[in-house]
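Swiss-Prot has this to say about the protein:
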type	residues	note
BINDING	B:90, B:92, B:94	Mg(2+) binding site
BINDING	B:91, B:107, B:114	Zn(2+) binding site
């Protein structure tokens, strides 16, 4: 079903030059989107094999919506697209990092980033746009 | 068991000033560590309620090791600690972002970041330290 070869074991997975994503029991890997210009972390989402394949092929960030149970081409309805400038994978290949050129806000609340609240002690403080 | 109040529904969760982490079916939330100085994304790990609580209390990044099934104070054995400069939570509170001062390499391969390979087409290219 997945177009990718299976993960290797141990350090072979860390050092392979082959893309061998390690999908979890739900068939997903974590995907971090980071603004390619500012370095701001924008959001964390999920990809299944198809979403990852489409992201690689099209250069447009495509995720798996867990709430809708459907492929989610970022910005398809909102217009807030993410053009992928660079795509990276982590050591054990269960997470990818997308450096993107973001159009509009990345967050569904229309904020620039989903990480707009600081944890300070046990409470949250909202950060301004300048943060 | 968790010291945190439960998540709210819908947009109330996005706008609450209360920390109400949404742990998954395994009791975990995703945790992104980012270098507070350079903005480089260092790693993606996981926290259970205890790890999140300890991170808040101690200012030292503490995760849940899924492979070992144990609390993991980052750097406790390697010395590669993460001092938390700022902690943020995302809109639906199922992910946190740690801006950290990293000592040594964040990755277990001793690299600075776990994201040391670029996906270029279907293959991976290793990035140098300067990246």
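Backbone N, Cα and C define each Cβ position, glycine as well.
Mapped onto this structure are the features recorded in Swiss-Prot.
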residue : record              : DSSP class
B:90    : Mg(2+) binding site : coil
B:107   : Zn(2+) binding site : coil
B:114   : Zn(2+) binding site : coil
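Summary for the binding-site residues B:91, B:107, B:114: the Cβ-based neighbour count within 10 Å is maximal at B:114. Each of the binding-site residues B:90, B:94 was scored by the number of other CB atoms within 10 Å of its CB, and the largest score is that of B:90.
Straight-line distance linking the Cα atoms of residue B:92 (Mg(2+) binding site) and residue B:107 (Zn(2+) binding site), rounded to a whole number, equals 28 Å. The two recorded residues residue B:90 (Mg(2+) binding site) and residue B:114 (Zn(2+) binding site) have their Cα atoms spaced 22 Å from each other. Separating the Cα atoms of residue B:94 (Mg(2+) binding site) and residue B:114 (Zn(2+) binding site) is a whole-number distance of 21 Å.
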